[in-house]
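Participant: One structure follows; several queries about it will come next.
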Amino acid sequence: MSLLNASIRELHTKIISKEIKPSELAAASLERIQATDGKIKAFLHIAAEEAMERAKALDEQVHDIRQRSATGDLSHLLFGIPGAIKDNLNTKGLPTTAASKILANYTSAYDATAVDRLNKENYVLVGKTNMDEFAMGSSGENSGYFPTHNPWDLERVPGGSSSGSAAAVSAGQVLFALGSDTGGSIRQPAAYTGVVGLKPTYGLVSRFGLISYASSLDQIGPFTQTVEDAAVVLQAIAGHDPHDSTSANVAVPRYLDALTGDIKGLRIALPSEYFEEGLDPAVRAEVEKAIRVLESLGATVGQVSLPHTKYALAAYYLIAPAEASSNLARFDGVRYGVRTEADTLVEMYKQTRAQGFGEEVKRRIMLGTYALSSGYYDAYYLRAQKTRTLIKQDFDHVFASYDVILSPTAPTTAFKIGAKVEDPVTMYLNDIYTIPVNLAGIPAISVPCGLADGLPVGLQLIGKAFDETTLLRVAHAYETARGAMPRAML
Ligand code: GLN
């Protein structure tokens, strides 16, 4: 059995008792990647040498960490733990491409705040993970380089856009990975690959150093095997950052303290709009089993309505492309990345962008530019923003009488590679249960809740703003009662 088949806390105990060394863990992670990544293709860049060098240096520091840990200081739980980072997060000295050809030659000049905080805990970075180009997609197939394969079935997608981060954790290549979630890009791939994925409240984790897709929706969060591990990683990356003007200045609670297993009297809302037509009956059956488990733990369940859900996709596909069209204007062949030379400056811009961006990215830039153009702004962008407010009010209304909202994470299990690439709208519809959460800025977690036809199903729990504590508590209580889930056979 792999050394990595344990929780972060278990490994921490073994590291500080000198039962295992950080360098042995790093070597186990790199061996697993070596053995499986030819098929899965979770990584765009494997930092093998850097990881081993770092881990060997940590081997010499175990004594210091042991002393801190003895005083109850939990700030070094990630010491020596191998992790991976989505390739739209800056990692100093390593390539950061957002899976785009336009950044093929780009090396980060600095660390994103979330990465910097992991560094301060002395985690070991083993590599940068594959993704849909600029985080635009739901399957990983929009990567400018190659698609990632689902460790449960190599002919299927792992979901997206954080395809590589999800697959790397699912395949046991690393203990945790960071992803970003603009409309579901952490939760949906977590559901498809049978791992835990958490999208924090907008503003809880600094976006400094994240390559922006849609700035008012983007959030960074963890992929892990368990809810407890998600709490550990969130603890490390959450908290105010003066480098991000949208970073919230709120106190970060000790998330591990929330994992009591006690959810008696908890009020769970089931939104009827998330259980309608389009939901695969096999997925519904697994989610319904999870509801019964939560009831057996003492939670009460009630039916609610989120009536503006039907407008969420339309609003998202105006707001996200509008923000993307503005954010991606910076990739012009002058400041970053690859340039295609031409006779005039304007021609150089055009050629660089025509050759550097993939099809989906171009589609979104055009959609967004159109939606923002004068004469159309009020009809599209402004109305989408008003719809967004109504969607947020739907959630506020439910949270006046409930603690969490429960739904499937996605309407189906992982689909076959190639099944939806020809039809962008079918692909967009896949995010129907995840997108409203980003529009409202609230947190949500996906936890594996069973298998349908041998493929993982994700349970989504949605919480009040900055109430990650309740989400983690419920998810952990459920996970404990559910019992162990099978791992991907690879
Ligand atoms: N699939 C959605 C999109 O393509 C969400 C992506 C994301 O969350 N980054 O925009």
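Cβ atoms are placed via backbone N, Cα and C, with glycine included.
Since the structure is predicted, the reported quantities are computational estimates derived from the model, not experimental observations.
According to TrEMBL, the record shows the following:
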ACT_SITE  Lys86  active site, charge relay system
ACT_SITE  Ser161  active site, charge relay system
ACT_SITE  Ser185  active site, acyl-ester intermediate
DOMAIN    24-472  domain 'Amidase'
Participant: Please give me the CB contact count at 10 A for Lys86 (active site, charge relay system), counting all chains in the structure.
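Facilitator: Neighbour count, Cβ to Cβ under the 10 Å cut-off: 33.
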Participant: To the nearest Å, how far is the Cα of Ser185 (active site, acyl-ester intermediate) from the Cα of Ser161 (active site, charge relay system)?
Facilitator: 5
Participant: Rounded to the nearest Å, what's the C-alpha distance separating Ser161 (active site, charge relay system) and Lys86 (active site, charge relay system)? Just drop the number here, would you?
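Facilitator: Lys86 (active site, charge relay system) has its Cα 10 Å from the Cα of Ser161 (active site, charge relay system).
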Participant: Name the secondary structure element type, per DSSP in three states, that contains Lys86 (active site, charge relay system).
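Facilitator: Assignment for Lys86 (active site, charge relay system) reads strand.
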